[in-house]
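Here's the structure we're looking at; comments come further down.
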Protein chains: 2
Amino acid sequence: MLYLIGLGLGDVKDITVKGLEIVRQCSRVYLEAYTSILTVGKEALEEYYGRELLLADRDMVEQQADEILKGADVSDVAFLVVGDPFGATTHSDLVLRALNAGIQYRVIHNASIMNAVGCCGLQLYNFGETVSIVFWTDTWRPESFYDKIKKNRDMGLHTLCLLPIPSLSRGRKIYEPPRYMTVAQAAEELLEILQNRRDRGEELAMTEDTVCVGLARIGAEDQTIRSGTLQELASCDLGGPLHSMIISGHLHPLEVDMLKLFSGPERLKTLKMTDSSTYVS
Amino acid sequence: MLYLIGLGLGDVKDITVKGLEIVRQCSRVYLEAYTSILTVGKEALEEYYGRELLLADRDMVEQQADEILKGADVSDVAFLVVGDPFGATTHSDLVLRALNAGIQYRVIHNASIMNAVGCCGLQLYNFGETVSIVFWTDTWRPESFYDKIKKNRDMGLHTLCLLPIPSLSRGRKIYEPPRYMTVAQAAEELLEILQNRRDRGEELAMTEDTVCVGLARIGAEDQTIRSGTLQELASCDLGGPLHSMIISGHLHPLEVDMLKLFSGPERLKTLKMTDSSTYVS
């Protein structure tokens, strides 16, 4: 049996009881090491599970899946994924290869960033399509994520923006310093896009004053949530990875009350709204 | 401290290790009993946790929150929620009341239906707004959920449809037999809406042959996933609660491969697509 087991988002104890029991009885345990990271490292997991973990980078999962699946028809192999195995990245390919080789699989679910962002108080069923923001280079500055945000906002929906995380897999073959995108960097790109669109005379779907939420290390002890205008988030410091950001759509009064918890004491009383999702100071 | 703890979706062992440790050391433990249900009952949870659980129905949470929060400023109180505490239903109101009373809170996340549906192979970031389907009566037959599905499909996005679950709270005061909606019933309502819209000469966003997915008891040992046309799902029997349904949008080839796993052996080979989300037999 191939077990795909979600580890949740924080530390070693965010695995489910069921997941932990399976990890402890499997013959081999792989740790998927390219989609996301926990706030603790492989060593902490190994110590807590009492098991050696085999690191599975992207190349291994894509090109040497047979190695992972070896013997899983007669014994149990666990494949650990930060968050949920079918969260932001799915592992359909590994599942299909397993079934093709006559190996059954089972999924042990856990929280992923896709549902845990609900902790900021914005309701999950009011989110539209999720977008991914990428690091711009001098020559590659895609703006397509803004167009998706626009569509969501036109329907009054919130947008979860997933930000780049450190690449732990590619770095071995091609040198690429591990880096993650901060909320401030994501906000900066978005501000530049707004200016570009304004220069072109486009009607904007949002402004520098639109309510946004920055989230860092969700699920961990030191998680940080900051709500404010897009302009404010462009200069916020939410600490270490992983970060994500939400662009609000239409806000329900209860959602506004929750967001006020995360806007900093100095803004708590002065916060006003001109429409359902724009601050005035 | 008020702890809001997600229980996940299946049975007693889907709680996280962290969540279990907290439950075992809290002075009082409430079980939220109206948003969702596990495949096991309160007694099974009590036996596994070694703790008595206080049932918190909707009236209690909405009108007697003070009772839940009593003493949580000096001791620890746990509030257990099936799925994730900020999943399909948020508990913002309880959080705000706690903070108002000077009580800190902490969220222990877990899988919810909002992210666990990814196990069918449809990618979570290709979903649009989530919709809720309701039981029609003779006089109340809302079609608004179809319009949201239409908007999602126009953008190529999948739609998660949440179906009614047994009401465990209201039944005490007003007699209402506990019932949940099956995938077949949800599909029936949707078929009727398609016919209504066709009669009115509207251009349809989907047809009886659009690829849909029925999901039952996701996360439990006996979870069942069935993919097929809307017409086919209208006559499927996926067993006991809880059910949910997905209306597909644009399908990626890897998503199609995953859906074929759930379409029954007789269709595995004959499945074809006319466009990215319509079967032909």
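Heads up, the Cβ atoms here are built off N, Cα and C, so glycines get one too.
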Determine which of B:LEU157, B:LEU163, B:LEU194 appears in TrEMBL for the same S-adenosyl-L-methionine site as B:LEU9, B:ASP84, B:GLY87, B:SER112, B:ILE113, B:HIS243. B:LEU163
Along the domain 'Tetrapyrrole methylase' (B:1-234), what average pLDDT does this model show? 91
Where the record names B:LEU9, B:ASP84, B:GLY87, B:SER112, B:ILE113, B:LEU163, B:HIS243 as binding S-adenosyl-L-methionine, the maximum Cα to Cα distance in Å: 17
Chain A contacts among the binding-site residues B:ILE113, B:LEU163, B:HIS243 (Cβ under 8 Å): none
Report the same-chain neighbours of B:LEU9 (S-adenosyl-L-methionine binding site): residues 6+ apart in sequence with Cβ closer than 8 Å to its Cβ, ordered by sequence. B:LEU38, B:VAL82, B:GLY83, B:ALA111, B:SER112, B:ILE113, B:ALA116, B:ILE218, B:GLY219, B:ALA220
